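Following: one structure in structure tokens, then a few remarks.
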Amino acid sequence: MKRILVSLAVIGLLAGAAEAQQAKTIAVSVPTADHGWTGGVVYHAMQEAKALEQRYPGLKVIVKTSPDAAAQANALEDLTTQGIDALVVLPHDPNVLTDPIRKVKQKGTFVTVVDRIADDHSIYDLYVGGDNPGLGARAAEYMKKAMPNGGDIVVIRGLPIPIDKMRVDAFNDGLKGTKINVIDSQFGNWSRDDAFKVMQDFLTKHPKIDAAWVQDDDMAVGVFEAIAQAKRTDIKFVVAGAGSKDMVKRVMDGDPMMPVDVLYSPTMVAVAMDVTALGLEDKIPVRGDYILKASLIDKANAKDFYFKDSPF
Amino acid sequence: MTQAVHDAPAGAARRINLGAVAPFLALILICALGAAANARFLSFDNLTNVLARSTFIATIAVGQTLVITGGGLDLSVGAMAAFVAGLEILFLNSGLIENATLLIVSAMALSLAVGALCGLFNGLTTTVGKIEPFIVTLGTMGIFRSLLTWLAQGGSITIRDSEVRAAYRQVYFGDLFGVPYPVLVIVGVAIVGAFILTRTAFGRRVRAVGSNEDVARYSGIGVARVRTLTYVLQGLCVAIAVVIYVPRLSSASAATGLGWELMAITAVVVGGTRLKGGVGRVWGTIAGALILEVIGNIMLLSNVVSEYLIGAVQGAIIIIAMLAQRLARNR
């Protein structure tokens, strides 16, 4: 009897040792590269996965992309059945994915949510996101500084979702009490083609526009093309946001039409993965909310935000 | 009442005329609304802007008119446009040909060939594979879009050489005696499309196949061959749209051509083509495509509609335009 107990204990010890040796797995679930920014997310997630696997031998990082919220919910189930220790998730739609993420957390998995969250903050251990109100506020601050005597500006928003509203509200708040008037505001759906159309129509509608705030660098591509076609010289500059390599390059090269950009970088997924691995492998307590600053990118610091090999 | 008119030959002719003219009446009505909303609507720059923009949907919708008239459907056109655009830009970036003009012309030729092949694939899978066109083209829609995303590695594909870019840019922004090239393309494609559908033996077969497949088969028409050809022509139309689209922003991304299939199908139906097949109206389709683009333009130019409600007003106008057409035709 005693011998059996001893051998059981030995087996237990061995199993325990084996578990300590056992490879840990981090699953990363992100949207498919459906536009520029998510393309950047996928790229940086892949790069960081490679870097982490090198840094922590035995660590496995799986990156899975999903085309929509429903597919992502399924992907989370599939990943959990494979057995994972931590999940880093950038949800398509945080409202739809709250319950699927909670299920993963209830299994004891460490959950990191990136960028988008719904009201329920109990579903994650760690949150890493950009500063959405900050993106609007920085842009407004720059406008205020660049146009001390006021002026007429147009705004091209993204899609009607909470992120967009947070940015626009902060931008409008930032302009309160100045002589800068938002003479028109429309949705450009974060699409180059739609932004081109909207800007063409703005140029038709308004004989004088001093500047434009375009919420995203992808849309800025269409806006610049529309301005060039109209051969209008009244527009002095455009402020965009995100930090795509093409727009950061313009800032770096001192393009007068693109003096600054505001950071809302897809690299945040890499930060999330890194901090998650820190908690998992180095046993450092990392739970908490991390908000990355919406830094103002100007000619002086642009090189710090330039990722030449990223698709975005 | 309608039946009686249907039987009389003179009445039938009048009925067709009204049906053909109705989309244009709707267009004129909407334009009048636009002029009332903002005087700048009728400015030359605005009108050419809107016409040039509608080239993509109008051109693709002419192909879709042929496909739908023949009893088919193609949901893959938007994704196909993105895929062809991606390939064209990659070819332009390859630098295989020194001379910029020659390079651009070859890139256009390549686009047309790729478009036709994509259409051929859709057509053969539908006819030889005997699978519903809805399913086939839903499948190829996913395939084409993923291929573009893969080619672009999730980002965008942009023309790198600034000289090529500047030369090619003229295709969208340039004009002939003040008429932008894209507008000439719409007119050209519509003339050819209308000619094919109404004046050729092939066009008659397309209509026959679309109105009754079995009767067409018993009359000795190669149904599979006719249908496949409509998909090839659709592919060509998509490629023509791409040739005009690429120089505008000199880039293609996963967002290129998103939703174009629904806009093209809407343009076809608004233009008076029967969704069930058998009756096709190429010029009506052009009017339909213009209506869609003009509504968007007016919404932006007017200050009346909140930015949150634009979609609702657009939807309502399309439904009203269809109702007005139905009334005009039944009278």
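For all residues, glycine too, the Cβ spot is worked out from N, Cα and C.
Same-chain residues lying 6 or more positions outside the transmembrane segment (B:16-38) and placing a CB less than 8 Å from one of its CB atoms are 270-272, 281, 283-284, 287-288, 290-291, 294-295, 297-298, 301-302, 304, 317, 321, 324-325, 328-329, 331. Annotation source TrEMBL lists transmembrane segment at B:16-38 (among others).
Counting same-chain residues at least six beyond the ends of the transmembrane segment (B:50-68), those with a Cβ under 8 angstroms from any Cβ of the stretch are 74, 77, 81, 133, 172, 180, 182-183, 185-186, 189-190, 193, 196-197, 206, 210, 230-231, 233-238, 240-241, 244-245, 257, 260, 263-265, 267-268, 271, 273-275, 277, 280-282, 285-286, 288-290, 292-294, 297. Under the heading transmembrane segment, TrEMBL lists B:50-68 (among others).
Listed by sequence, the residues of this chain that lie at least six past the ends of the transmembrane segment (B:75-96) yet keep a Cβ under 8 A from its Cβ atoms are 56, 60, 63-64, 103-104, 106-108, 110-111, 114-115, 118-119, 122, 134, 137-138, 140-145, 147-148, 151-152, 157-161, 164, 168, 234-235, 238-239, 241-243, 245-246, 250-254, 256-261, 264. As annotated by TrEMBL, transmembrane segment applies to B:75-96 (among others).
What TrEMBL lists as transmembrane segment is B:102-122 (among others).
Per TrEMBL, the feature transmembrane segment maps to B:179-197 (among others). Beyond the ends of the transmembrane segment (B:179-197), by six or more residues, the same chain brings 48, 51-52, 54-55, 58-59, 62-63, 65-66, 69, 170-173, 203, 206-207, 233, 237, 240, 244, 280, 282-283, 285-286 to within a C-beta distance below 8 angstroms of the stretch.
For the transmembrane segment (B:228-246), the residues of the chain that approach it from at least six positions outside its boundaries are 55-57, 59-60, 62-64, 66-67, 69-70, 72, 74, 77, 80-81, 84-85, 88-89, 108, 111-120, 122-124, 126-127, 159, 168, 171-172, 181-182, 185, 189, 193, 196, 202, 206, 252, 256-257, judged by C-beta separation under 8 angstroms. As annotated by TrEMBL, transmembrane segment applies to B:228-246 (among others).
What TrEMBL records for B:252-270 (among others) is transmembrane segment.
TrEMBL lists B:282-302 (among others) with the feature transmembrane segment. Residues 19-20, 22-24, 26-27, 30-31, 33-34, 37-38, 40-41, 46, 49-51, 53-54, 57-58, 61-62, 64-65, 186, 190, 193-194, 197-198, 263-264, 266-273, 310, 313-314, 317-318, 321 of the same chain sit 6 or more residues outside the transmembrane segment (B:282-302) yet have a Cβ under 8 Å from a Cβ within it.
Residues annotated as transmembrane segment in TrEMBL: B:308-328 (among others).
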Same-chain Cβ contacts of the transmembrane segment (B:308-328) under 8 Å, 6 or more residues past its ends?
18-19, 22-23, 25-26, 29-30, 266, 269-270, 272, 291-292, 295-296, 299-300
Apart from its near flanks, which chain residues at least 6 from the ends of the transmembrane segment (B:252-270) lie with a Cβ under 8 angstroms of it?
23, 26, 56-58, 60-61, 64-65, 68, 73-82, 85-86, 89, 141, 145, 148-149, 152, 154-157, 245-246, 284-285, 287-289, 291-292, 318, 321-322
